[in-house]
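Quick notes on the structure that follows.
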Amino acid sequence: MPRPEIQAPPEIFYNEAEARKYTTSSRIIEIQAKISERALELLSLPNDGVPRLLLDIGCGSGLSGETLSENGHHWIGYDISQSMLDVALEREAEGDLLLADMGQGLGLRPGVIDGAISISAVQWLCYADKSSHEPRMRLKAFFGSLYRCLARGARAVLQLYAENMNQSEMIMTYAMRAGFAGGVVVDWPHSSKARKAYLVLTCGPPSMQTSLPKGKGEDGGMCSDDDESGDDESQTVGIYDRNRPRKKLKVNKKGKGREWILKKKEQMRRKGHDVPPDTKYTARKRKARF
């Protein structure tokens, strides 16, 4: 069966029938609960009993939001499917729900979010569903807005199903360009079915507190260092450098100035070339016509 991302855009694929089928499946509910618990664990929120304001990107029918509510947190849910949000309202999800396209940016105030999770959603940005969609620009808008709305030091944990290594690298590249530090944590790396990849991002430069946790092994425990040193497909932790591009230098649109031309002429004279003398007309721009 082809991947959902290939069949149709998310707002069309998750229609009313698919949304109800997704939410009533006991298997999907169980998987969503486990992944959400793991994502919340990777957020590493302080265990001080204070509720945090979290973001659930691609919240769907609110299955992952239930985990956040059960742990005493407030949350805001984003999803592009109206049918999924309608089911979430019927189920009386406790979070604030927003119908929005994450590829156009999140549109939240800077520094107001204490953490963010996303379950099986970010990989949708790698597909162009409309002629106006450019995956790289959509990833840039998403990660840029996510970085701005997170408090400094806050984490975002994005569980995703990348189709191939190129998709993973493209997603990671634009996350690092936005300013995030972090990497990929993989649970059960040697299992084809249970394998789960989490993009763990920290808002701000890397530090001792931002070190990545280890992925879980087949027995549910943390993987050993031997497991981490395998090939890329089986690696449990992948750490990437923060790579925020520098601002481009301003370019003089007027072109080469008089000083530059005089300097070049002097260099040519030193080399023994026959150079016309300097006059008041040197480096003066000619008119379009005589």
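Glycine is treated like the rest: Cβ placed from N, Cα and C.
From a predicted model like this one, the values you see are computed outputs, not experimental measurements.
What TrEMBL records for 55-157 is domain 'Methyltransferase type 11'. Taken from TrEMBL, the feature domain '18S rRNA (guanine(1575)-N(7))-methyltransferase Bud23 C-terminal' covers 201-288. According to TrEMBL, the feature region 'Disordered' maps to 209-290. Residues or ranges marked as compositional bias 'Acidic residues' by TrEMBL: 224-234. The compositional bias 'Basic residues' feature in TrEMBL is assigned to 244-256.
Residues of the domain 'Methyltransferase type 11' (55-157) grouped by DSSP class, helix first, strand second and coil last, total 40 helix, 28 strand, 35 coil. Mean model confidence for the domain '18S rRNA (guanine(1575)-N(7))-methyltransferase Bud23 C-terminal' (201-288) is a pLDDT of 70.
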